[in-house]
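Asker: Let me give you the structure first, and then I'll get to my questions.
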């Protein structure tokens, strides 16, 4: 009887103790996370000191698996002398565009404004060795236009921020208001067209304000001056061509006259040469005749009449042949 009474008493005492312990644990405050959330307003903190950043999304299973490891890594941040942060790409699409995050989870190391992509697993031991052994020094940094602090990535952040706002607005239409998705798409198409027309109108107004049109009279004068200038230019070109033609004709005429004069000079020279040759031949014939006469006087009676008349005849034939050859040569030169 006593044993049966003790069992319920012990059970009641154990339940009371468990309830009291649960109340004490509930009364204790939750342990504060050492991971610092990063937003578009405070992300510049990573430009100073050494940081490790994690980009995640609440719906990403891989991101959820590394949450506990990331918290452990953040708790030991003081020992490692490093700050640990995280970025929710759903709430901060601009930062995901600034770091050009395309896969989740994504990890980045920052040292005095120089960023590097960490591509290892999100396990505490690997993260700790990455910092202690300074493995980040062997990783190529994001420099130039790839750097999150560059002007290019600032523009990319603006584009991602606008796309995030459009996505939130689409969810508001389809989830909160219950509007069909195709109605939301039609709304965005119309809004895009209206925005384009509005921007075009603004550009036209700006051009009209800053680019003052010329008066009509001045524009007509400019056109007349331009037409007269073109006509004068055409006339000058025509005159120049005519002058060239005239000069070419005069040159041709002068060249023809010079050729004719040269031909006449050549003919006169040939005639003079022929006269000189004829005179020379006549002198030769006279000398030969005188020689024959002298020989005839010396050798009177010793030479027969046939021999006496044969020698002058032979010399005369030779002279005539020479004259004929000379004339034929001159005729060939003239032709």
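Including glycine, each Cβ sits where the backbone N, Cα and C put it.
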Asker: When you get a sec, could you say which of 165-185, 186-206, 207-227 is annotated transmembrane segment by Swiss-Prot?
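Answerer: It is 186-206 that Swiss-Prot describes as transmembrane segment.
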Asker: What whole-number Å value do you get for the CA-CA distance of residue 247 (phosphoserine) and residue 255 (phosphoserine)?
Answerer: 12
Asker: Would you count the other C-beta atoms found within 10 angstroms of the C-beta of residue 255 (phosphoserine) for me?
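Answerer: 10, counting other Cβ atoms within 10 Å of residue 255 (phosphoserine).
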